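Trainee: Found this in TrEMBL, in case it helps:
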SIGNAL    1-25  signal peptide
DOMAIN    27-320  domain 'Plant heme peroxidase family profile'
SITE      ARG64  site 'Transition state stabilizer'
ACT_SITE  HIS68  active site, proton acceptor
BINDING   ASP69, VAL72, GLY74, ASP76, SER78, GLU90  Ca(2+) 1 binding site
BINDING   PRO165  substrate binding site
DOMAIN    318-594  domain 'Plant heme peroxidase family profile'
Amino acid sequence: MAKAWSLLLLLIILVFGAFVEGSHGSKLSQNYYKSTCPQVLSIVKAKTESTLKKKPRMGASLLRLHFHDCFVNGCDGSILLDDNSTFIGEKTALANNNSARGFELVDDIKAEVEKTCPGVVSCADILAIAARDSTVVLGGPSWKVKSGRRDSITASRADANKFIPAPSFTLSALKSNFHAKGLSLKDLVALSGAHTIGLARCTTFRAHIYNDSNIDPSFAKSLQHKCPRNGKDNIHRRLDLRTPITFDNFYFRNLLKKKGLLRSDQELFNDKSADSLVKKYAADSSKFFKQFTKSMIKMSNIKPLTGNSGQIRINCRKAEVAAAIKNETRIGASLLRLHFHDCFVNGCDGSVLLDDNSTFIGEKTAVPNNNSARGFNVVDNIKARLEKACPGVVSCADILAIAARDSVVRLGGPSWKVRLGRRDSTSASRSAANTSIPPPTSNLSALISSFSAQGLSIKNLVALSGSHTIGLARCTSFRSHIYNDSNIDPSFANSLRRICPRSGNDSVLAPLDRQTPTCFDNLYYKNLLDKKGLLHSDQEIFNGSSLTDGLVKKYAADTSLLFKEFAKSMIKMGNIKPLTGNAGEIRINCRKAN
């Protein structure tokens with residue numbers, strides 16, 4: 001049972017970036033993973049401790065990653081994302097390029113966590129926990145980390161350049177920067193104390209050691225020997241010369257002696273409003289530690305993604321599938337449609353996914369699917385990941401069933417428990433697809449007959465037709481309706497004729513629900529009441545029949561009733577003649593039989 005649940009979680013994540021939440025819903029909580037991943041704290045701690053014993057500098061790197069993450073659109077793990085075709089990420093921003101480190105350690109921690117609790121713990125939470133553990137390992141204070149952050153699906157180099165404070169900042173600029181994040185002067189000074197550990201590159205302190213007067217002359221000279229006016233940009237120097245791998249209050253003592261490495265460091269003690277705080281923390285490490293923990297908790301709560309926002313990444317560097325869905329929400333409707341077309345042709349057996357071969361012509365080129373069915377690449381990606389984790393275990397038919405449910409949920413619709421255990425067919429049939437999948441020209445009688453042949457009732461027919469609240473249809477599928485039928489709103493028909501002429505433009509697309517085409521709701525039925533069903537088969541279920549008109553009115557008036565009946569009908573449809581036991585196979589590649 002535990003293994004099946006893990007597989008289910010993995011599928012959810014791979015398709016839609018995970019909807020699994022902690023026990024406290026949308027709020028950050030110290031006990032967020034108490035029931036879903038109680039081992040997470042010990043896993044992160046063990047991995048952090050073992051790494052820092054060998055590479056103590058890595059502690060400062062992890063702390064810095066968390067800081068730079070939170071300052072760019074909130075604590076959402078965006079700093080960890082590699083560039084992709086949809087965005088240039090934060091790793092090459094000025095503050096991070098050739099400077100930010102620790103990504104491999106985060107990868108290692110994530111991999112360990114995934115082994116124990118797949119799809120549960122976010123990369124953003126791992127950063128927050130690892131930052132705390134790094135501080136403790138190097139001698140600093142501890143604090144209780146609230147968890148429940150979710151991961152962003154995008155990142156922005158431009159935002160990183162804009163929001164991460166530069167080492168050349170004056171106190172005024174620092175105060176303004178921190179204030180924009182809801183952080184006070186006290187937070188600014190305390191959090192700057194993180195520079196008691198770590199290194200900085202020559203490029204970050206060159207201007208300070210050559211141009212500024214608020215620096216100890218001998219200290220400046222010693223640095224100038226290593227960091228010339230030109231060249232040696234990547235030479236590193238300790239932010240705290242005395243105890244660079246110990247988290248203490250020596251950073252503040254250095255500032256009193258004008259030995260802050262960065263201009264932004266020394267600005268905190270430069271005859272201005274922050275001087276008294278620097279003196280206080282230099283004199284009393286316990287006061288510094290106390291305020292540092294308060295400020296870290298506060299910073300870690302900057303605009304976290306919670307609830308259904310964002311995702312739980314499997315790989316902290318990538319949000320590939322979720323990003324694709326964000327950019328093309330149409331894929332949700334495509335996956336739902338694949339499951340429907342699969343089940344209506346000889347049962348829910350994954351046959352729709354099979355490519356043609358020497359023994360059969362498959363379903364992909366059937367009239368309802370040709371140049372129309374989509375989402376195969378998403379299924380391929382899910383299957384490839386699953387084969388790495390659990391080779392030969394999860395069928396392509398089950399992937400379709402789960403992906404269909406998660407598509408609906410992602411787009412705002414209901415959820416339901418998906419029964420698993422389907423096996424995959426070894427053959428497919430274009431002729432069976434042409435016979436069994438109801439075309440958009442079907443009248444009500446033909447629809448009822450088609451659904452009845454699959455063991456589905458009129459109530460199932462009307463509820464499942466509600467899936468047309470999302471997605472698009474081609475001109476060829478609605479042309480006859482807008483030119484030949486009388487049960488269509490004239491202005492609606494005219495607007496469609498502009499993009500879909502009597503001949504040509506066959507592949508032009510129109511939304512099945514004009515109002516909310518990427519939101520799963522009940523507006524499809526409201527459109528039918530207004531005679532604005534896009535397909536002939538859509539409007540047929542509200543066309544004066546006592547069998548279906550009443551159901552359409554009910555669902556148009558009550559979203560919760562629709563969601564309840566839709567979920568029931570999806571469960572029923574998902575159980576159409578599945579292959580089980582020793583029938584069929586578990587395909588390795590969803591496109592071809594083993």
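Cβ coordinates come from backbone N, Cα and C, glycine included.
Thinking about packing and proximity, how do these listed features fit into the structure?
Mentor: Other Cβ atoms within 10 Å of the Cβ of ARG64 (site 'Transition state stabilizer'), summed over all protein chains shown, number 23. In the three-state DSSP reading, ARG64 (site 'Transition state stabilizer') counts as helix.
HIS68 (active site, proton acceptor) counts 23 other C-beta atoms within 10 Å of its own C-beta, drawing on all protein chains shown.
Reduced to three states, the DSSP call for GLU90 (Ca(2+) 1 binding site) is coil.
Sequence-distant contacts (6 or more apart, same chain, Cβ under 8 Å) of PRO165 (substrate binding site) comprise PHE71, ALA173, LEU174, ASN177, PHE178, SER264.
Looking at the domain 'Plant heme peroxidase family profile' (318-594) alone, the prediction's average pLDDT is 93.
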Trainee: Below 8 Å Cβ to Cβ and six or more residues apart, same chain only. Which residues does that give for VAL72 (Ca(2+) 1 binding site)?
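Mentor: Set apart from VAL72 (Ca(2+) 1 binding site) by at least 6 residues yet with Cβ under 8 Å, we have SER78, ILE79, GLU90, ALA155, SER156, ASP159, ALA160, PHE163, ILE164.
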Trainee: Mind giving me a neighbour count for GLY74 (Ca(2+) 1 binding site)? Other Cβ atoms within 10 Å of its Cβ, every protein chain shown.
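Mentor: Summing over all protein chains shown, GLY74 (Ca(2+) 1 binding site) has 19 other Cβ atoms within 10 Å.
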Trainee: Can you list, in sequence order, the residues of the same chain other than ASP69, VAL72, GLY74, ASP76, SER78, GLU90 whose CB lies within 8 Å of the CB centroid of the Ca(2+) 1 site?
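Mentor: Not counting the recorded site residues, we get HIS68, CYS70, PHE71, ASN73, CYS75, GLY77, ILE79, SER152, ALA155, ASP159, ALA160.
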Trainee: I'd like the Cβ neighbour count for ASP76 (Ca(2+) 1 binding site), meaning other Cβ atoms within 10 Å of its Cβ, all protein chains included.
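Mentor: Its Cβ has 28 other Cβ atoms within 10 Å.
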Trainee: Identify, in sequence order, the residues in the chain of ASP69 (Ca(2+) 1 binding site) that are 6 or more apart from it along the sequence and have a CB within less than 8 Å of its CB; answer 'none' if there are none.
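Mentor: CYS75, ASP76, GLY77, SER78, ILE79, LEU80, ALA124, LEU127 - these are the non-local Cβ neighbours of ASP69 (Ca(2+) 1 binding site), listed in sequence order.
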Trainee: Distance between GLY74 (Ca(2+) 1 binding site) and HIS68 (active site, proton acceptor) at the Cα atoms, whole Å?
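Mentor: Spelling it out, the Cα of GLY74 (Ca(2+) 1 binding site) and the Cα of HIS68 (active site, proton acceptor) are 9 Å apart.
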Trainee: Near SER78 (Ca(2+) 1 binding site), how many other Cβ atoms are within 10 Å of its Cβ?
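Mentor: Cβ-Cβ neighbours of SER78 (Ca(2+) 1 binding site) within 10 Å number 28.
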